[in-house]
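Notes to accompany the following structure.
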Amino acid sequence: VSLCFQMGTPYILNSDRAMPNDFQLQQNSSTTNGNRENKAGVNVVFSFIPCFIFLYINCVMLYTLRSKPVFRETSRYLLLYNLLLAETLQMILAQMMFLLAAGLVFMTRLVCLLVVIPTIITTVTSPFSLAVMSLERYVAVCFPLRYACIVTVPTTYGAIAVVWAISYANMLIRVIMLTALDSRPFGQFMDIPCSKNPIFQLKIFSEFESGFVCAEFLSVGLIIILSYVGVMVAAKAASTDRLSANKASKTVLLHMFQLGLSLSSSLVSTILTGLHGKVDVITFRHLRFFLFVCLIILPRCLSCLIYGLRDQIIRPILIRHLRLGIKMLNIQVVHPRY
């Protein structure tokens, strides 16, 4: 008697002869597995549709922010472009890794590491970008006369470079630790789909990540809170434009909300790891799909909706570009080129 496993469910096959009950059991197992595969395919489709829609909106927003000189020469829009670029890359990489996991695509540790590296870099970039954007709003409201001297295009590019340098430094430390402490060869094929945890599976990596994430969100959260307090204090001053100050305070609050979403998205892998083995396979897949769409995909489009629709300069240009893109798509669907 040989014990065979398929989709985590064992069943018995007689090596000498196959009894009718065995055939019936095998057919039932095949039917169950087919239903599971169909449900997994439906989840992949439903995850791809919102990702494609949000990716299209983000790409239109990125194009809009490079379409006018005022966007390319204003610090506020440069910072927004940097945040949108990082979140768009996160969305693309997250969808790619989800498809690889759903399709059970296996690869070597080196290839998986090359896929994971940009994912970690862009994930670290977003919270620090929010901190810089909050400081920019704080300076604009609290120091309006010195704003043009403090916040310039060169200083903005310098702040963006510092944000990306922190992200690269974090990744460089991880890679150095990986090559020094992990004895597994990089050419070894992985027995599970590519993700961050199988690559950095030693305990020291989880401790390092926990410490870095805590320091990151505490520092960024403190900066955003202090910026909000400073803006609110300035809003009560008689010499400050209260309308501008109130708008800036709402923007900083939105930054805090986005920081919370970034923190929740970083906990997805931890939540799934805790649920693994405690729930059945179908429930685990549904939870993974729900967390992927709600905590990873949806927050990556909020920046576009928050800033694109609230800004009086961006909104008409963004809506015009979106309408033009939809119109061109309708033309291609109705009158395809052969």
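From the backbone N, Cα and C atoms, a Cβ is placed for every residue, glycine too.
Database features, via TrEMBL:
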DOMAIN    57-307  domain 'G-protein coupled receptors family 1 profile'
TRANSMEM  44-65  transmembrane segment
TRANSMEM  77-107  transmembrane segment
TRANSMEM  113-135  transmembrane segment
TRANSMEM  147-169  transmembrane segment
TRANSMEM  210-231  transmembrane segment
TRANSMEM  252-275  transmembrane segment
TRANSMEM  287-309  transmembrane segment
Inset, instruction - Tally Cβ pairs under 8 Å between the transmembrane segment (147-169) and each listed stretch (77-107, 210-231, 252-275), then give the stretch with the top tally. - result: 77-107
Legend entry - Beyond the flanks of the transmembrane segment (287-309) by at least 6 residues, Cβ under 8 Å: 43, 46-47, 50-51, 54, 57-58, 61, 64, 80, 83-84, 87-88, 90-91, 94-95, 98, 254, 258, 261-262, 264-265, 268, 271-272, 275, 279, 315, 318
Inset, instruction - Residue list, the transmembrane segment (210-231) vs rest of chain: Cβ under 8 Å, 6 or more residues beyond ends. - result: 124, 127-128, 130-131, 134-135, 137-138, 141-142, 170, 245, 248-249, 252-253, 255-256, 259, 262-263, 266
Legend entry - Tertiary contacts of the transmembrane segment (77-107) (same chain, 6+ residues out, Cβ under 8 Å): 40, 43-44, 47-48, 51, 54-55, 58-59, 61-62, 65-66, 70-71, 115, 118-119, 122-123, 125-126, 129-130, 132-133, 136, 153, 156-157, 159-160, 163, 189-195, 292, 296-297, 299-301, 303-304, 307, 314
Inset, instruction - Please give the sequence-distant neighbours of the transmembrane segment (252-275): residues at least 6 beyond its ends with Cβ less than 8 Å from one of its Cβ atoms. - result: 123, 126-127, 130, 133-134, 137-138, 195-197, 213, 217, 220-221, 224-225, 227-228, 231, 284, 287-288, 291-292, 295-296, 299, 302-303, 306
Inset, instruction - Take the domain 'G-protein coupled receptors family 1 profile' (57-307) and average the pLDDT across it for me. - result: 83
